[in-house]
Amino acid sequence: MASQGGPRRSLSVTTASLHGKKKSMDMAERGLDTGRRSLTVSRSPLGLTGGERTVKRLRLSKALTVPATTTIYEACKRMASRRVDALLLTDSNEMLCGILTDKDIATRVISQELNVEETPVSKVMTKNPMFVLSETLAVEALQKMVQGKFRHLPVVENGEVIALLDIAKCLYDAIARMERAAEKGKAIAAAVEGVEKSWGTNTSVPNTFIETLRDRMFRPSLSTIIPDDTKVLKVSPTDTVLTVAKKMVEFQSSCAVVIIEDKLRGIFTSKDILMRVVAENLPPSETLVETVMTQNPESTIVDTPIVEALHIMHEGKFLHLPVTDKEGDVVAVVDVIHVTHAAVATAGTTAGIGNEATNTMMQKFWDSAMALSPNEDDEDSRSESSMKVASEAETGKSFPFANTFSFKIEDKKHRKHRFISDTRSLTEVITAIIQRVGDDIDPDNFPQILYEDEDHDKVLLASDSDLQAAIEHAKSIGWKSLRLHLDDSREGKGRRRRRASGSAESMEYVETDAWAAAYSGVAAGAALVAGLGFMAFLRKFGH
């Protein structure tokens, strides 16, 4: 792995130092490249302060560990039963000696036509997988994972592998912060333009600067990260698993899209080979892809914002997302690491204004995204053991932070928009709405904001307490997102409002005009805060 962000100290750890509890070892996954051969681990830089987050404070998971003498078939069965796509291997002394992933199964086993019931995993595993120490800075470990393009990394403490770091979980935390920052930035730009129009003046900020904020940071689409020469592995539903596995090696891809009559009808990944073929003991040379593929997979278009693509994969719990053009032809398949790298690079390009040249774009992103806010310090009150290894049976929270929630809204062109916002402030939600459907909003007739409850009633959101009550109710019935509606009809005096105090089910009728005035006040507050923030931004960067 290439070093980033300045010099690092490293410590080579032999497998002999990894003695201890076999059951405490955690899974690691080799990425798409083959660079994870060294057992070198990076230590945290000197001068670590209490405010900097270390690896052991990130989301960690359990893993599966088996002897290297285990047959490939048995290993795959174990992985399938635990619903994991990688496992660690130990030698006769119970020392960590390798790792096996679903990609290894596809490219090193099936494509090579090995006998899975006779071949031990030691023949196809990646030896000496990379890992990090528990005191390593979180930003350093995450940065290395993105650059190296692998999702899982074992975490070592006192010579034992104690946990697994999954970059996908950490990524969504960081992206949620980046998205909120982007939303605030767009509100800043909009506020400045509004002042110019109202006062008939022109600030010292060139329009090109505002356009840069919009185009490079706030609205980058997948089309900006997909090369023109991208090759997509397209197969027929009647192709055999063996044929597709060989093509995966040829295309250096971990997935294939299944096309019927020029339309996307399925997706087949290396994880499917592991879970649905090998673990089920199906013959690859006789099994047709159409019997083991994921049918009618979710896809998106090239104009989809990068952050939106990440949300789609996160909510759908999959790692590959087909991308189509306007005609519906698949032009690319992006994975979570690919999109992450692009999102970080895009954010870093803009955020790098005025910063030291020695910092890399990814380092800036992780440093900013993982920085602790005052109320996050409460996380330290949790037990250290629960921070180290999270139970696989634990579902966990649906959202990256206790004070955030997911929202959906549809514009007048029937396009759906999804965003995550702070649940403590209606101003934050309004800012996000303006960002996405601002063209639908008449500034002289600001709409009411409503949400749809489980009875399909439209309930008013007119204050911070209304918002908090709505979120509490949504969580209590197991919802992961709240569907919002805008009503600019100035009719419907019978709209209902859920009170934050008292019974969660209590409702009261309110006058529409009164709440319209409240919305106007909130909107004015959002513009004022945004304008002040923009001026501070200009002073900081010398514009």
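Glycine residues also receive a Cβ, built from the backbone N, Cα and C atoms like all the rest.
The region 'Disordered' annotation in Swiss-Prot falls on one of the ranges 372-393, 482-503, namely 372-393. A mean pLDDT of 74 is what the model gives for the domain 'CBS 2' (125-183). Across the domain 'CBS 4' (293-350), the DSSP tally of helix, strand and coil residues reads 26 helix, 16 strand, 16 coil.
Broken down with DSSP, the domain 'CBS 3' (225-285) shows 20 helix, 16 strand, 25 coil.
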